[in-house]
Amino acid sequence: MDFRILATSTSSLSKVSADALLIVVAGDPKQQGLDDPLDRVLSDAIAAGDLAFKAGRTLYLHRPLGVKAARVVFAVAGDAGPKAFKSAVAAGLGLIKPLGVKHLAVAASGAIEDSHAEAAAAAASDATYSYRHTKPSASPAPALQKITLLVDKAEAKAAQTGLSRGAAIALGVALARECANRPGNHCTPSFLAAEARKLAKLPRIKVDVLDRKACEKLGMGSFLAVAQGSDEPPKFIVLRYDGASRSDAPVVLVGKGITFDTGGISIKPAAEMDEMKYDMGGAASVLGSFRAVAELQPQVNVVGLIPSCENMPSGRAIKPGDVVTSMSGQTIEVLNTDAEGRLILCDALTYAERFKPAVVIDIATLTGACVIALGHHRSGLFSADDALADALLDAGSAGLDPAWRMPLDDEYEEALRSNFADMGNVGGRAGGAITAAMFLKKFTAKYRWAHLDIAGTAWKSGAAKGATGRPVPLLTHFVLSRTR
């Protein structure tokens, strides 16, 4: 997608040349500040009842008198903020996408700040993404190729910054969605490793992939215990973005990469098990964040760690009651083989120590309990570090990718006690998302750490089934906030 900024004013929108003109309106319908042809058709439409001034409402007009653009769409935003602006742009694109429009101009009756410009890029990317890798019958790609954001001259510089940031994040979100949407027989650990190696062709990114033998040498007994039930070879993927001095401690992103999760011997119910291809959503978000960072080139060092394998039942698979030894030396009683994400993450969290990180953030589709607690709108955020938690919450707000902080009280650790190992891998149904985070916390004593449980936000079910690409916007904004 070609995103551009054009400095103009709302008093001359009728003269803009484009295949279609999308105008986001909000506030008082009589105070939109549009030039005469557009103000007149808007007023007439409202008076006739063709457009109710309510959030989400749209109106399509073909060749309105006195307007250069062949098509005009009005989209009503609930308020003047970037979230409402994004929703309105998305609604307008829903009308425009089937029309074969190649060049769309987007304007607003109110101010367009950098956050609005970023939101416009996100809305356009979401609207034009379509999965077709394994679906030859999928609809053709939308014709839309170019979006010009119309802003006042005084807004142009900030809008360009936001649009560039939004375009970069959109590339990352698209990569994360594409990886996560691949079926499990296509998206294997080897596939994720290959996608990571593609990123190494971009500036400042290096990639190394550790195989089973290398992981054995490192003592990653917990990760390899999960992997041993599958015929697919495990991969431990290490990405580095070197944007600052070597002496600068990096941000480390750790993404859970279970490319298919049957539950193992503690096998899942058949219903909706197909959605367990999305259990590598954390890994996808790390790859997507690196794609965005490579585009933006911030002055910060970033490391990505992706432990990737399948969780399968077989004669070699781990069993309930087995005890495994993690890379940290701590032993774990595997009470439920379907709580495997934490078993692969704990070794990655120990491996992260070698980078002497500024902060470590792990991202995982970890628990159904988090979905019960928070639904599908906010990711669960766990951290004992108030400053880090606040920074991540701010990043989520800035990227329209919100999270909600959950508790990590020491008392929850009691649930993980085991008579046969240093800890159990589950703590019962009560507070399941919290006890999962408490398990991970046991491997993070040497650095500042946060955990994002994205089980409710990494994908959608039902008619709109598909990966969301979250939390790439949150992670990218967080990395940018660390720039010197």
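Glycine is treated like the rest: Cβ placed from N, Cα and C.
Residues within less than 8 Å, Cβ to Cβ, of Lys268 (active site) and separated from it by at least 6 positions along the same chain comprise Asp261, Thr262, Met276, Asp338. Taken from Swiss-Prot, the feature active site applies to Lys268 (among others), supported by sequence analysis.
Shown in sequence order, Ala364, Leu366, Asn425, Ala436, Phe439, Leu440 are the residues of the chain, 6+ apart in sequence, with a C-beta less than 8 angstroms from the C-beta of Arg342 (active site). Feature annotation from Swiss-Prot assigns active site to Arg342 (among others).
What Swiss-Prot lists as Mn(2+) 2 binding site is Lys256, Asp261, Asp279, Glu340. Lys256 (Mn(2+) 2 binding site) carries neither a helix nor a strand DSSP state and counts as coil.
Under the heading Mn(2+) 1 binding site, Swiss-Prot lists Asp261, Asp338, Glu340, citing sequence analysis as support. Cβ neighbours within 10 Å of Glu340 (Mn(2+) 2 binding site), excluding its own Cβ and spanning all shown chains: 29. DSSP assigns Glu340 (Mn(2+) 2 binding site) to coil in the three-state reduction, placing it in neither a helix nor a strand.
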Determine the Cβ neighbour count for Asp338 (Mn(2+) 1 binding site): the number of other Cβ atoms within 10 Å of its Cβ.
19
Compile a sequence-ordered list of residues in the same chain as Asp279 (Mn(2+) 2 binding site), six or more apart from it, whose Cβ lies below 8 A from its Cβ; state 'none' when nothing qualifies.
Lys256, Ile258, Thr259, Phe260, Asp261, Asn311, Gly341, Thr365
At a 10 A cut-off on CB-CB distances, which of the binding-site residues Lys256, Asp261 has the highest count?
Lys256
Using the CB centroid of Lys256, Asp261, Asp279, Glu340 as the Mn(2+) 2 site centre, which other residues of the same chain sit with their CB within 8 A?
Ile258, Met276, Met280, Asn311, Gly341, Ile344, Ala364, Thr365
